[in-house]
Amino acid sequence: MGSFLRSFRHNGGSTAPSVGAVPAKKEPQPPPMTPLEKRLLDMGPIREDGSDKFYGMENYGNTCYCNSILQCLYYSVPFREAVINYPTRTPIESLEAALAKSLRYPNPNAQLEAEAQAEKQKAANAQRPGMPPNPQQKPEDKDSPEYKKKMALQTLPLLETQNNAASYGMSESLFTSLKDIFESVVGSQSRIGIIRPQQFLEVLRRDHEMFRTAMHQDAHEFLNLLLNEVVANVEAEASKQPLMEKSLPAPETADSVDQSSSTGSKTPNTTRWVHELFEGLLTSETQCLTCEKVSQRDEVFLDLSVDLEQHSSVTSCLRKFSAEEMLCERNKFHCDNCGGLQEAEKRMKIKRLPRILALHLKRFKYTEDLQRLQKLFHRVVYPYHLRLFNTTDDAEDPDRLYELYAVVVHIGGGPYHGHYVAIIKTEDRGWLLFDDEMVEPVDKNYVKNFFGDKPGLACAYVLFYQETTLEAVLKEQEQENMDSNLAATDANDTILKQNGFPQSPLAHVHSASQIPSHEDNLRPNGLRRAPTAPQLSTHHEHGDPESTPFSPLSPLSPVPPVPPIPERVATVATPPKNDALAKREEKERKAAEKEKEKAEKLRRKEQGARMKENQRREEAELKAALEMSKASKAEEDRRLSTENGKEKQGGGLSRLKRGSKSLSHRLGKDKETRSVSSDLPPVPIPEHSTLSQSGPTSEQQQQQRQQSPPNHDQPPNSPQPGKPTIREDEQVNHKDSKHERTGHGKWRSFSLRKKSFSILS
């Protein structure tokens, strides 16, 4: 058993590789293509103007402010052409010689060698007995910007700029360093790469002390300094030339023609191209409120700095920039006409518009509480196209239209730290993101992510607008629509099989018709309505199979013969809907349903309000009726209780008294009428009439009330049921007849009184 184990160990050990064996070398594999390289696959030959070059810039420690501004200036076509052509272009021989020294192509096996070196070091550390094992390192995120920048430095060509000012007859300055960068990119034979602006940074730190430290700098301050430095260097170089040479006209060479056409210079003085591109003219209008005199003062600007407000736009910020300002109290205006300090109104207007408008959004504001600058994360919307309105009446070209071509974005929580990137619109390759060494294509809507309201710390800081025309804008929009439609058609026309090979949808159409069976021939066909208008619903092939109408009378019709397909299909009759169109229709449908629900909810709310109002009105009417009924009932009860109380107190004697009083009253009236009608014959009065006039007794009235309950619904003055209604004129006539019957002799009253006593007894 032991020998078997020894032999097994011996055989197993022999299969292990020896320590000194050299592993086989891996074949070098090219790195995967970047999104930018895929975007540039269909590019034609390299252009001479450098518009098809897309280079990143190496960061030398907090130099992202410089890289982002230089990228924006390079892709400003008139500025780039003016820099390259002033004073003249560098000769091709000297430029090629400089590029041969400065342009270095990386080793394609550098990445594999670096990985092999790392594996070798790891294996050597593992074999050492005293060395602790290396902790497990997290794999690098290949989608992170840091990894992409590292790979770009290892795989892309590196372009180191050098001082080449002597070749075009100028002394070294910040302008010549900028010119060397632009010419190196234009003259290189590679479309992509990385620039090392070390020589430019050395000149910048040599001439300006504030940039000598490795601290975070402001991109807007650097832009203003660079433009002013370029103007100063160009004018200083122009002043060194002899006056005679300056006065002579320059020969019209091809370069000068290209320069005049690209820069659009209106004056022969070539040193004014910076002013013509970036410089504008502001007019400060101040009106004294005492004498109403208006004084004007002109100021030049290379960029406009506007204050920000929450939930605003660039247009509203410019409107606030030109709003009227009251000068009062400590800020009073010294009026020359009045000869003293007076209250006045002041506002700023643009008198001359620049060709390239640089808008600085004041994201950093000094706060008294913190005693330092603080970043404002206000939402400020900036448009793709802009037209300025705050111009004077005599402004030059006041209706100039601008288009956005570059955005400098600040990423960070404050002005003393953070990162700058640039998003630039190229001539024919769309929008690109320039993040130091990394250059990536982005969508047009990506520019809208930096209004200031998105999660994160990225906000637009400097906006670059360049002049354009309405025809160019319409042409660009038409081209964008054509590209989107073409992309949607290509995406829908290509259907992938399960194995991944593309297949045209026409291949699924059967080319032969099936022979109908005998049962199908005997089955009756249903009547079908011939459509006179195109159907709005989707085709059954692309729609929901459950939504396809099915008729029990219609047979399972075989596939009809397909007509021959022409060689070239001009147009698609009914193109299938793409995802974007379906999403838009779904969004519109949901919006319509939402509006319908809102209208239905509003209708139900109004109907409920009307029902509540009707119910409230009915309740008020019912309550008023009940109150009226209660009042009438209370009045009836009060009247009945009063009558009952008097009858209980007086009994029959009270009626006798009332009757005696009425009879005596009548007797007095008879005496008065006796003298008037003494000649009338006496009328005998029967005994029963006297009893009927006296009315029923109290016992009879009480019995009648018990038998017939009171009617509360009738008003107090309404006639009681069972009692005859007597009109007023009839009552008067009846009383007169009574007086006539009882008006002869006193014996009638005595006989009535006697009979009343007999009834009581």
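Quick reminder: no glycine exception, Cβ is built from N, Cα and C everywhere.
The annotation active site, nucleophile is assigned in Swiss-Prot to Cys64. Under the heading active site, proton acceptor, Swiss-Prot lists His419, citing sequence analysis as support. Sequence annotations record features per position, and here Swiss-Prot assigns coiled coil to 577-640. Per Swiss-Prot, compositional bias 'Basic and acidic residues' is recorded for 36-45, 580-649, 725-743. The compositional bias 'Polar residues' annotation in Swiss-Prot covers 256-269. The feature compositional bias 'Pro residues' is assigned by Swiss-Prot to 555-566, 712-722. Look at Swiss-Prot and you will find 655-666, 744-761 tagged as compositional bias 'Basic residues'. What Swiss-Prot lists as compositional bias 'Low complexity' is 692-710. The domain 'USP' annotation in Swiss-Prot covers 55-468. Per Swiss-Prot, region 'Disordered' is recorded for 1-45, 113-146, 242-269, 496-761.
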Original post:
Same-chain Cβ contacts of the compositional bias 'Basic and acidic residues' (36-45) under 8 Å, 6 or more residues past its ends?
Top reply: 52, 54, 191-192, 429, 432, 439-441
Original post:
Out of these active-site residues, Cys64, His419, which one has the fewest other C-beta atoms within 10 Å of its own C-beta?
Top reply: His419
**OP:** Determine, to the nearest whole angstrom, how far the Cα atom of Cys64 (active site, nucleophile) is from the Cα atom of His419 (active site, proton acceptor).
**Re:** 6
Original post:
How many of the residues that make up the compositional bias 'Basic and acidic residues' (580-649) does DSSP mark as helix, as strand and as coil?
Top reply: 70 helix, 0 strand, 0 coil
